[in-house]
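So that we are looking at the same thing, I have put the structure below in structure tokens.
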Amino acid sequence: MPSIFAYQSSEVDWCESNFQHSELVAELYNTFSNVTFFIFGPLMMFLMHPYAQKRSCYVYGICLLFMVIGLFSAYFHMTLSFLGQLLDEISILWLLAGGYCIWLPRCYFPAFLGGNRPQFTCLVAITTTVSTFLSFLRPTVNAYALNSIAVHVLYIVFQEYKKTSNKELRHLTEVSVLLWALALSSWISDLFLCSFWQQINFPYMHSIWHVLISITFPYGIVTMALVDAKYEMPDQTLKLRYWPRDTWPVGLPYVEVIGDHKNC
């Protein structure tokens, strides 16, 4: 049985040719495309600092986990090791769990919790811990299981989209869903249309997935922050802003908090 640290010990392999450009890096483009995680993660930590001070300092943890995902993803694609695969997938799992704990509106909690967020957080932590151990049993299905969580997230987003008349939030939601759909399409395309991409000498759709999903991250967390504010910060106003300039046609979204009540 090969070591879990060994190169190519994972059963998962992506479309990009292995060791084509380097004897040390299995998938060069899939490895270095993770650099976007280390750009958007710290930047969002900085931009969301005022919001984190008012709402929850755990927002910093979400941004930090996002960078950890980039690190583990780079390690996985560099080695294609079983350990790298698990670290990559488990870090994504815990990022999603963290997002649920902070931003899931109480109206979507299981009824027996009575809207108690600390109890919900404990439930999520227990479920995520159990899921972490289960991920070792059938590693080849982990990626599909993680993507299936998006169905529930999309359901919540759709429900909140129908409730709001805020044009900025509706536009942000639409862009977030579009970016996620493009990212997922790249992931699926690399997996199931690999022969086509190899024929045209462009087996880099998984690299595009890395870039698109890292761009989706800022839009996603800001969307959830605005949804959450309606329930958890009714006495404060959150203004949607874009970095580096609001007037630019493209930019990273963040929120500006108007009011000064809670600090970490």
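Even glycines carry a Cβ here, placed using N, Cα and C.
Please treat TrEMBL annotations as automatic predictions, because they have not gone through curation.
As listed in TrEMBL for this protein:
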type: BINDING; residues: Asp13, Trp14, Glu16, Asn18, Glu27; note: Ca(2+) binding site
type: BINDING; residues: His77, His206, His210; note: Zn(2+) binding site
type: TRANSMEM; residues: 28-47; note: transmembrane segment
type: TRANSMEM; residues: 59-78; note: transmembrane segment
type: TRANSMEM; residues: 90-108; note: transmembrane segment
type: TRANSMEM; residues: 120-137; note: transmembrane segment
type: TRANSMEM; residues: 143-158; note: transmembrane segment
type: TRANSMEM; residues: 178-200; note: transmembrane segment
type: TRANSMEM; residues: 206-227; note: transmembrane segment
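Set these features in their place in the structure for me.
Within 10 Å of the C-beta atom of His206 (Zn(2+) binding site) sit 22 other C-beta atoms, taking all shown protein chains into account.
Same-chain residues lying 6+ beyond the ends of the transmembrane segment (28-47) with a Cβ under 8 Å from its Cβ atoms: 14, 16, 20-22, 60, 63-64, 66-67, 69-71, 73-74, 77-78, 204, 206-208, 210-211, 214-215, 217-218, 221, 243, 252, 254.
Long-range Cβ contacts of the transmembrane segment (120-137) within its own chain (Cβ-Cβ under 8 Å, at least 6 residues beyond either end) map to 86, 89-90, 93-94, 97, 100-101, 104, 106, 109-110, 113.
Residues 12, 89, 92-93, 96, 104-105, 108, 173, 176-177, 180, 184, 187, 223, 227 of the same chain lie 6+ residues outside the transmembrane segment (143-158) yet bring a C-beta within less than 8 angstroms of a C-beta in it.
Same-chain neighbours of the transmembrane segment (178-200): 14-15, 147, 150, 206, 208-209, 212-213, 215-216, 219-220, counting only residues six or more beyond its ends whose CB sits under 8 Å from a CB of the stretch.
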Can you grab the distance from Glu27 (Ca(2+) binding site) over to His206 (Zn(2+) binding site)? Cα atoms, rounded to a whole Å.
10
Tell me which residues of the chain lie with their Cβ under 8 angstroms from that of Trp14 (Ca(2+) binding site), as long as they are six or more apart in sequence?
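When sequence neighbours closer than 6 are ignored, Trp14 (Ca(2+) binding site) has Glu27, Asn30, His77, Asp190, Leu191, His206 within Cβ distance under 8 Å.
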Which of the listed binding-site residues (Asp13, Glu16, Glu27) has the least company, meaning the fewest other Cβ atoms within 10 Å of its Cβ?
Asp13
Have a look at the binding-site residues (Asn18, His210) and report the one with the fewest Cβ neighbours inside 10 Å.
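Sparsest of the binding-site residues Asn18, His210 by Cβ contacts within 10 Å: Asn18.
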Report, as a single number, how many Cβ atoms besides its own are within 10 Å of the Cβ of His77 (Zn(2+) binding site).
27
